[in-house]
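Asker: The following feature annotations were taken from TrEMBL:
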type	residues	note
COMPBIAS	492-509	compositional bias 'Basic and acidic residues'
COMPBIAS	510-519	compositional bias 'Low complexity'
COMPBIAS	522-532	compositional bias 'Basic and acidic residues'
COMPBIAS	540-574	compositional bias 'Basic and acidic residues'
DOMAIN	4-66	domain 'DUF1899'
DOMAIN	639-704	domain 'DUF1899'
REGION	432-462	region 'Disordered'
REGION	475-591	region 'Disordered'
REPEAT	75-117	repeat 'WD'
REPEAT	167-199	repeat 'WD'
REPEAT	763-799	repeat 'WD'
REPEAT	806-847	repeat 'WD'
Amino acid sequence: MAWRFKASKYKNAAPIVPKAEACVREICVGSYQTYGNNIAASAAFMAFNWEHTGSSVAVLPLDDCGRKSKTMPLLHGHTDTVTDLKFSPFHDGLLATASQDCLVKIWHIPEKGLEQSLSDPEAVFSHKQRRVETVGFHPTADGMMYSTAAGCVALFDLRSQKEIFSNNEHPEVIQSASWREDGTVLATSCKDKCVRIFDPRASGSPLQMVAESHQSIKDSRVVWLGGQPRILTTGFDAARLRQVIIRDIRNFGTPEKTLELDCSTGILMPLFDPDTNMLFLAGKGDTTINYLEITDKDPYLIEGLRHTGEQTKGACLVPKRALRVMEAEVNRVLQLTSNMVIPIMYQVPRKTYRDFHADLYPETTGYKTELIASEWLNGSNQAVPKMNLDPAKRELGDEPIIPRLGPKPFSSTTGDVSFDKVFAVPLAPGSHENISNVGQESGGSGEPAAAPTHVQPSAKPDLIVEIEIKKKNERETVASAGNGVQKSLTTSERRKSSADDDESSDKIFEQNSESSENSTEGEDRTDADLRRFSSARSSIAERRRLYENRSKSQVDEKAQSPVPLRREHSKVEPLKPNQQQQQQSTCIDSKRISVPEGKLLEEHRQQRGNNGAANAAGLKKSATEAAFSAASTKRTSTVFGKVSKFRHLKGTPGHKSTHIENLRNLSRQIPGECNGFHANHERVAVPLSGPGGKIAIFELSRPGRLPDGVIPSLVNGSNIMDFQWDPFDAQRLAVACDDGIVKLWHIAEGGLSEPTNTPAGELTAHLDKIYFIRFHPLAADVLLTASYDMTIKLWDLRTMTEKCALTGHSDQIFDFAWSPCGRLGATVCKDGKIRVYNPRKSEMPIREGNGPVGTRGARITWAVEGQYIVCTGFDKVSERQISVYNAQKLTAPLNTASLDVSPSILIPFYDEDSSTLFVTGKGDSTIYCYEITDEEPYICPLSHHRCTSLHQGLSFLTKNHCDVASVEFSKAYRLTNTTIEPLSFTVPRIKSELFQDDLFPPTRITWSATLSADDWFASNNDKAAPKISLKPEGMETLSSIQQVPVQHTKKSLEQHAQLGQKSEYEINKQQEIQKSVSARMEYTTKLEQDDMEGVDENEWQE
């Protein structure tokens, strides 16, 4: 029994989670109903599903980190959710993706990663109208891929791009599949609660063994335990407890070990390392990752240290050759969350990490094989050679093992280069195919046969390789003109022919990229780093860090603290390849760039001078002058995404002395179409529980603790459906009831002193319940009501008469929003449609499009001066989302942002001056903030505000009640269970004593009526709301203070840009700073050792 007490080397392997800066952050990942892990990794890249639909795939370098933009390059290859994705074990740049659109696609990732989005795969395989569930590569045969769809298992040969095997004997959907390490047989788990051993090369039926497995039809997974004759499955039992079962194929019908865990609903994704026998169980939706060690005797599963962190959306293991072995890293798990990719390093504690610990790293499976798909199918088995991870035994020592990425993808201009030749591998020496091929190629011809193409990493940029292939093909075409045959080139020949062109090519495509590990946040970068326009630029994360570091290095005394941004030709059409090369050498890159203003001005003047004098007038304004120009209000962007002045907005709750406290008996029965809370600048309305439909009115001028007892309220007599303050009369409140009556209440100046049940007026609007009511944003006394009878009516409150009705809805109406101009209105309906109406012209919608697919509720609002429509709702898996539509084209959303899974409806509040969208739901504690833009990605996340308690409602005030002197651009009131709290949203600014005119443009007057009801209904005069400036009297504007030094700096920069000298202004400033710093520093010549006492010489002798 001594083996029971044998200590494992990996027993104390501890998970080490890096800081947030070392993770991939601000990504967008949804919840996908698939059988895949949603993330995959090779020794060079990681790939994971992107956005809430998951139809796109993001591919990043394995060691990448930092914030990511929604404009980053992606793989756009599928029309539906990507169900599974895997990297080839022999080519780190070869990725296979499977999707619900019934297709499997093969992608080649360039050596430097994605520099632009890809939509054209290298190969496409179809499963004939069946959703593809899983995909993967064979562990020993290069160029062979498997996939499953419904009950079908298919094998594909990538060299010939053909299906070489197919079997449909599984009665139900195959949920998981795993190859044995030697590549002989395949294990599958099926929805019929059985696990099978599958041999595609068997002479009879490929199904060799069948056994009952987990007794639940929910998702199950299977994995081979390396080269052992054992498999491990995860799933659920009949009581829906999560299970782990180990089976020995020599006694397949009886489980060797069954472990029951818990009753969580997330499927356990098993990640197994055959070298160390370490098993990681990551459950979808769980916050913990379990680590167990598998043994060949009882107890079979030994639990290790458990990791607890973020909620898991997917997980995968990193190949062993990508680990940091000199840090005793024995495994690395990539955890995919809703907004991050977290690399979790499992490290074995050792006293020192100076030496390589060979006992932790047995020889692992290599990445080179000589077996191909056709040989394997004919019965050949050949193990992949092992490799040693000891840096002393590697060819390159401590340097990382060079991954095999494969050559540049072929194009139609590269002659005879095709997929089967690009990814061809050498045939096994002495094999039958090799001998026959040599005989065929050499026989009957006087020329020697071309050597097979080896898949090796290219030492040059991909673009150089492609150009050299074209040059070589042109030479071969000329040489073989007499024969009319064009010879295909091998990789070795291409490299040999390119030796003469190395120097010129390197000059053209010179690269200056650095790894993310060597770059530091505070490192100074030169302006030349920011002006690299070549296609070989570093990753998006690196470019973002360059910009951030450049912005941080700006001295405060300079005129422009942020780097001025200019964007040339934002709407340029894509050029052809030959035009792009000409554009690179003669013109500024059409991508968005970020450079200092002086150099930008000088470059533009030189460029325009070369192009002609006709365009010279367009450069008279500098970038800073254009930024302060009132004509251009559009915020700018960079190559890595949107840069907003409101990026770091801050939400601050009011002091406790401004709160209204001791609220009680709040109503929880308000319908979802009602916001449940409404405020104006004088008072707030809060619904109370109990019969009679009571609404309490609290005066904001009297904060503090409410007295105990009866709260004065408005008694409506029926259940409340919705209520809203008149935007032009702070004393009038409209309340809609479930009897179809709208009651209009007039609140006296001092507020309510006692309960009252006598409204100022009643409007019998509908014969059925009312969903909601909306006041017109510009015209006085115009009210809109929407009812259960699926009609919308507009009323004149002065005469209490109906003016028009809107129809066309086929189900419950969730919300209605007026456009800023007041002419149009938009609705979102339970039937999944968004409709736009012109009420005074037609009762039917003038435009219609698809809205949120969820039926739990939705909200709608207009944005960007009525050009776009923002809709909040739910997707098909009940995940909350925000979609942006073009108001003129509602066929599909321009972009969709997913938040989380919650039952509460997201209520939007849009600030048109800052283009900021605030969204939150009842019972939430977070107010999500976004900026709506008129260019991709259309919705940009800002700093979200997290409250200390849950809120039941949120109501914003008009712009004239913001304290612009404190840089407050929005003000709201928040309703909690017991309090009403003011909430201020500000933007941090250094010179807050100035009026920030870049944050506060002239605003529309929405607090007083622009039109009367008669004028609006008559359609005689659609006046736009007048605009006023929010600038307080006596305050100076920020732009007026900044213009003087800007002009001085610009002039000096123009004089000294060519010579590279510092301007006189900069020299004087530098001298002033040095003098001021020197005056504050303490100067002394006394040393520390002067105060120390020595010892006598005789003491040393003793």
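Glycine too: its Cβ is placed from the backbone N, Cα and C atoms.
What TrEMBL says about a protein is an automatic prediction, not a curated fact.
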Asker: Cβ under 8 Å, sequence separation of at least 6 from the ends of the repeat 'WD' (763-799): give me the contacting residues as numbers and ranges.
Answerer: 671, 673-674, 721-724, 726-728, 734, 736-744, 805-807, 809-818, 820-822, 825, 827, 837, 839, 1006, 1009-1017, 1023, 1025
Asker: Per DSSP, what is the residue tally for the repeat 'WD' (167-199) in helix, strand and coil?
Answerer: 0 helix, 17 strand, 16 coil
Asker: Could you count the residues of the domain 'DUF1899' (639-704) that DSSP puts in helix, in strand and in coil?
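Answerer: DSSP classes over the domain 'DUF1899' (639-704) add up to 3 helix, 24 strand, 39 coil.
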Asker: Note the mean pLDDT of the repeat 'WD' (75-117), expressed as a whole number.
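Answerer: Mean pLDDT, the repeat 'WD' (75-117): 89.
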Asker: Pull the DSSP breakdown for the repeat 'WD' (75-117) and write it out as helix, strand, coil residue counts.
Answerer: 0 helix, 20 strand, 23 coil
Asker: Please list the DSSP helix, strand and coil residue counts for the domain 'DUF1899' (4-66).
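Answerer: Taking the domain 'DUF1899' (4-66) as a whole: 5 helix, 23 strand, 35 coil.
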